[in-house]
Amino acid sequence: MAEADTERRPHIPVLLRPLLAAVAPVEGTWLDGTFGAGGYARGLLEAGADRVIGVDRDPLALEMASGWAGDYGDRLRLVAGTFSQLDSHAGAPLDGVVLDLGVSSMQLDLAERGFSFQKDGPLDMRMSQEGESAADLVNTASEETLADILYHYGEERASRRIARAIVEARAAAPITRTLALAEIVARCLPRPKPGQMHPATRSFQAIRIAVNAEFSELVEGLEAAERALRPGGRLAVVTFHSLEDRIVKRFLQLRSGGEGQGNRYAPETRADAPRFTLPLRRAISPDEAELAENPRARSARLRVGVRTDAPAGKVDPQALGTPLIPKKGRR
């Protein structure tokens, strides 16, 4: 039933219109590194792209696209993989790259994927359906590691209290369901007032980021885009929370020749020859009309860079303010 519900509910790509305006003219070959339900890929094709390569590590996303992808013939090619390797998926210099970060509405709406703290399902959260699940992490990580994950990846101030509660709960029985974990977290925090976010929001974000190695994937993906784009090619990134937006902002700032101001994770840094120019003075946020249509877009930010002809290079993740959590083992 969940799958049918998702098929009836149209996916709304966030900030699509301002993204297409910011990267215009849309032409040549583009790569959508987070294909999902295909909203950005279709938007790019309809805006004038000759060809789009859609990449996703979620096999369900590619399976669900099989019903309509053929309508575009050889203009749309789907690839199972991660955007951290997007340059290897491209095969030739690209005219543009689009990344829509974080968990998709499609994944949130399917309870069996285990991303939602509002729907009961197995505690999974894996985008690729491979490797360690959220249940594996929650039931085996040490209390100190859990606290670090919650604090650094979720900016959760009550991280130690929540980590302690998780360890105490799993001692009685393994934590295997999303609502069970959400209840454990909620008991550690004040009851939210009307309009405030669910108390488990930050904790679920943090665990999801850890399970999917989202920050290392993002840094490697930005580097891969730098390698793959031709001079004049566009990089457009849509973020949904402050941590990933900070990484993208700092990457574009440093790669455009600016100086990083530093933060609690990174020192001040001076960049080499500019690899990007910045056509937007600041990030673009959804307007009121888009928020009325899609409330989930509220935290979205769009940033755009235009590739120069300077050689691509490696970037120090710490220079981007990427939170690094030491491996402290299991319980």
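In case you wondered, yes, glycine gets a Cβ from its N, Cα and C as well.
If you look up Swiss-Prot, you'll see GLY38, GLY39, TYR40, ASP56, PHE83, ASP100, GLN107 marked as S-adenosyl-L-methionine binding site, on the strength of sequence analysis. The region 'Disordered' annotation in Swiss-Prot covers 287-331.
Structure coloured by features recorded in Swiss-Prot.
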| residue | record | Cβ within 10 Å |
| --- | --- | --- |
| GLY38 | S-adenosyl-L-methionine binding site | 24 |
| GLY39 | S-adenosyl-L-methionine binding site | 19 |
| TYR40 | S-adenosyl-L-methionine binding site | 27 |
| ASP56 | S-adenosyl-L-methionine binding site | 25 |
| PHE83 | S-adenosyl-L-methionine binding site | 27 |
| ASP100 | S-adenosyl-L-methionine binding site | 25 |
| GLN107 | S-adenosyl-L-methionine binding site | 23 |
Handout entry: Neighbours of GLY38, GLY39, TYR40, ASP56, PHE83, ASP100, GLN107 excl. site residues, C-beta within 8 Å of centre, S-adenosyl-L-methionine
Key = PRO13, ASP32, GLY33, THR34, PHE35, GLY36, ALA37, ALA41, GLY54, ALA61, SER104
Practice task
Could you break down the residues of the region 'Disordered' (287-331) into DSSP helix, strand and coil, giving a count for each?
Solution key: 13 helix, 8 strand, 24 coil
